[in-house]
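J.: Take a look at this one; I'll ask things after.
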């Protein structure tokens, strides 16, 4: 008897991936190996081991990817200053390539023929998963059940599961669709699908309090960066994962990091979501303040242009591309002098700069002072203005000459 071919399934233990296990066995006659990734979603994953086996998986890998998530995905994106459409800090976007990468590594280790995922045909995640697989192991077959099977609704899923005695938590469709990791928590669906509806923050928020319920006194936080990477909070050095956890707590208590956005999905439609990113929002604000102090004008302004493209690449699932890697290399060069401490004041959802210092600061009090100085000769400005404004002057003279023609 020939050995069955293997498929690696990105497994969460939810309804979708629970029924995908028997579906793969029935339709492809594969041996199904599940892989659950811990990216800081705050759930105990060990119970999934028994559940996956009972559902029909031959084995399950439970992978702690939190450290890699921060050092290889979050921090490079933070250093780039990448924000999608001016608001979204890419929490789900850069988690998917990491999960898919680990899935590929397991597939190669197990000698699997295929990989599978539970992302729907309407969303961005299917693209992020599959582009990663194509980039890292183009020979692997990719199976996306939601684009193939006859199951069209949650009711169909429940019926399919019950017919096969698959244990599932059956609940009403009264909860938002959520995706959580160390960096953020997203909410979609229900009343949020109408962009005119104000989010019910008392009902939605899990990581933070609504700004109006935050303390009546401000909280000060100091963050130390080394070459663009955060190392300390309030003078205490933390590892990458713990540092974000600490800032999530501080930010959450002060109502920091709510993002309500109607975003353009890669697949062509707009979607509305509410994101909680307390620690990430603080880090982005602090990192920007330090860059303003340490980067020269041309580098800062050009980096802003590059940051937008970087954000698009991450959002579109193009992490493993030459362009993303090249931009990261450029960003790393810009961060050589982004070392120093930033102090922020947090107050009811607001982040206010309260000071910054660095040995690499390009700010010169001698040059910038409004008081008397012996460094800057103000007469030099006249020649500069004449040369800088010369094209404008020539344009105006030409218009004057041709007036009335």
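Cβ coordinates come from backbone N, Cα and C, glycine included.
Copying in the features that Swiss-Prot gives for the protein in this structure:
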| type | residues | note |
| --- | --- | --- |
| BINDING | 10, 11, 12, 13, 14, 15, 16, 17, 18, 37, 118 | ATP binding site |
| BINDING | 88, 93, 124, 128, 177, 186, 263, 275 | L-citrulline binding site |
| BINDING | 120, 124, 125 | L-aspartate binding site |
J.: Near residue 93 (L-citrulline binding site) in space, meaning Cα within 10 angstroms, which of the binding-site residues do we find among 14, 16, 18, 118, 125?
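T.: Taking 14, 16, 18, 118, 125 one by one, the ones whose Cα falls within 10 Å of residue 93 (L-citrulline binding site) are 125.
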J.: Around residue 263 (L-citrulline binding site), how many other CB atoms lie within 10 A of its CB?
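T.: Taking every protein chain into account, the count is 18.
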J.: List the other residues in this chain whose Cβ sits within 8 Å of the Cβ centroid of the L-aspartate site residues 120, 124, 125, in sequence order.
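T.: Close Cβ neighbours, site residues excluded: 119, 122, 123, 126, 127, 128, 267.
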J.: Which one is closest to residue 14 (ATP binding site) in space, judged by CA to CA distance, out of the binding-site residues 124, 125, 177, 186, 263?
T.: 177
J.: Tell me the Cα distance separating residue 16 (ATP binding site) from residue 177 (L-citrulline binding site), rounded to the nearest angstrom.
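T.: With distance taken Cα to Cα, residue 16 (ATP binding site) is 13 Å from residue 177 (L-citrulline binding site).
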J.: List nothing but the one residue from 14, 118 whose Cβ has the fewest other Cβ atoms within 10 Å; the candidates are the binding-site residues.
T.: 14
J.: Most Cβ neighbours within 10 Å: which of the binding-site residues 120, 186 is it?
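T.: Buried the deepest by this measure is 186.
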J.: How many whole Å apart are the CA atoms of residue 118 (ATP binding site) and residue 125 (L-aspartate binding site)?
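T.: Residue 118 (ATP binding site) and residue 125 (L-aspartate binding site) have their Cα atoms 9 Å apart.
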J.: Of all the binding-site residues given, namely 124, 125, 128, 263, which is spatially nearest to residue 12 (ATP binding site) at the Cα level?
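T.: If we rank 124, 125, 128, 263 by Cα distance to residue 12 (ATP binding site), first place goes to 125.
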J.: Look at each of the binding-site residues, 88, 275, and point out the one with the fewest other Cβ atoms around it within 10 Å.
T.: 88
J.: Which has the fewest other CB atoms in a 10 Å radius around its CB: 12, 124, 177, the listed binding-site residues?
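T.: Selected from the binding-site residues 12, 124, 177 on minimum Cβ neighbours within 10 Å: 177.
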J.: If you count other Cβ atoms within 10 Å of each one's Cβ, which of the binding-site residues 10, 18, 93, 125 has the most?
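T.: Output for this query is 18.
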J.: For each of 16, 128, count the other CB atoms within 10 A of its CB; which of these binding-site residues has the top count?
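T.: For the binding-site residues 16, 128, the Cβ with the most other Cβ atoms within 10 Å is 128.
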